[in-house]
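What Swiss-Prot records for Gly133, Thr134, His135, Gly136, Lys137, Thr138, Ser139 is ATP binding site.
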Amino acid sequence: MRTDAAGGTYLDPSAADVTALLERVHLVGIGGAGMSGIARILLARGRQVSGSDARDSRTVLALKAQGAHIALGHRAENIEQFDGDPTAVVVSTAIRRDNPELVAAQERGVPVLRRAEALAALMADHRVACVAGTHGKTSTTSMLTVALQHCRLDPSFAIGGDLNESGANAHHGDGGVFVAEADESDGSFLVFAPSVAVVTNVEPDHLDHHGTAEAYTEVFQRFVERIEPGGVLIACADDAGAALLADQAEAAGVRVRRYGHEVTADGDARMVGYRPEHGSGVVTVEVSGDRLDVQVAVPGEHMAANAVAALLAGLELGAPLEGLLEGLAAFGGVRRRFEFKGRADGVRVYDDYAHHPTEVDAQLRAARPVVGDGRLVVVFQPHLYSRTAAFSGEFATALGLADEVVVLDVYGAREDPQPGVTGELIAESVPLPAERVHYEASFTAAAPLVAGLVQPGDLVLTMGAGDVTMLGPEILAEVERESGATEEDA
């Protein structure tokens, strides 16, 4: 047991009593991507689950239908939804220390678990595969999960996005394998002990928590040290940060498999070609002397690299090659990862979660072949004041790959505003003619603005980790209103 500065009781997730605590569980912020996944698995395992969230949502309604007792708003009495106190309260890093439910749990001596600690306890008695990296975690974890499902291995999984196939971000399976997205943002992935660890890339981010790029890199080094004896690190050799990790791990005696364009060792996956197809692609890979064509059902070379990582991880988990290839070809994508939202008057609208300059760059390059003869119109909402201040120039450069850019104001999430840090900081540096770059501080004015800019054949891409995802349907409605035409989704 340990106590933090706020007086909360925390437990070592490797201890046997942590799993025993997950009987009557209250989750603060249960509607979030990570917390809802834990709730789904607990419910599937027959545990009692209560929770709270700031607002109603599709996720909250789905969890209620599964049997969770959920209150809207945060109040101390919300933890009293069981007969007696909960056996544990689970919180995410988004929950402030003065949250009344967290305070009530601390005052009553109810054990408090961080989200990752609860997830680690759910992994007990499973062979664990964790996917980490600055970018590509959700897509790679999802590809691996779907590929294993096609091999009929029925993995348990917890992902930071909803699979389009099932609409779920988590599942309790009977296959003895647990696949999880490992979030480095607060360092909490250090509680996991995977036998298969994937690192897609390492590039400075979340400096609001880690402080420096060096500290951010160090937390990945510590994650690799958590790999179980006899386990394997799968790392992207094309990324400098991941390649350095791989070299360090190998020197420490960890078995390493690399993927990328220049790898040469037996067991590595060398990507020797990529052919884009409409809305998808094919990557040619050489592995242990075999040459494979891997069909990837989502566009972009970055997605092809993610698929190769998933392929190697699946092989390490004992899945058959043919089944993995079939699963990757059938992969239906993840919600908010270049997700098609609809079409109106010849204008297609997609939505994507990209919120780091490298992600924005990769997704715009992937979208370009899909655009065709029209224009690529991007609506970008910066996420976090700290990230906007640190990377405004890089964001501007990446957005210059579009034909028309609308930059919204910053979605602050957990952060307070910073003087002088707005979306305009990015917009004023986008390397496009001024008439093709628009800063719109009013969220409600964004959809009418975009509808007035687009023409038939254009592709609109809303982009960011905040509530910009809500704009897609509004843009479609505005386009229909202006044109007087309605088209069926395609």
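A Cβ is built for glycine as well, from the same backbone N, Cα and C atoms used for every other residue.
This view paints the features noted in Swiss-Prot onto the structure.
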{"residue": "Gly133", "record": "ATP binding site", "Cβ within 10 Å": "26"}
{"residue": "Thr134", "record": "ATP binding site", "Cβ within 10 Å": "23"}
{"residue": "His135", "record": "ATP binding site", "Cβ within 10 Å": "22"}
{"residue": "Gly136", "record": "ATP binding site", "Cβ within 10 Å": "26"}
{"residue": "Lys137", "record": "ATP binding site", "Cβ within 10 Å": "26"}
{"residue": "Thr138", "record": "ATP binding site", "Cβ within 10 Å": "25"}
{"residue": "Ser139", "record": "ATP binding site", "Cβ within 10 Å": "30"}
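Apart from Gly133, Thr134, His135, Gly136, Lys137, Thr138, Ser139, the ATP site neighbourhood in this chain, defined by C-beta within 8 angstroms of the site C-beta centre, holds Val131, Thr140, Thr200, Asn201, Asn306. DSSP assigns Thr138 (ATP binding site) to a helix in the three-state reduction. A coil conformation is recorded for Gly133 (ATP binding site) in the three-state DSSP classification, outside any helix or strand.
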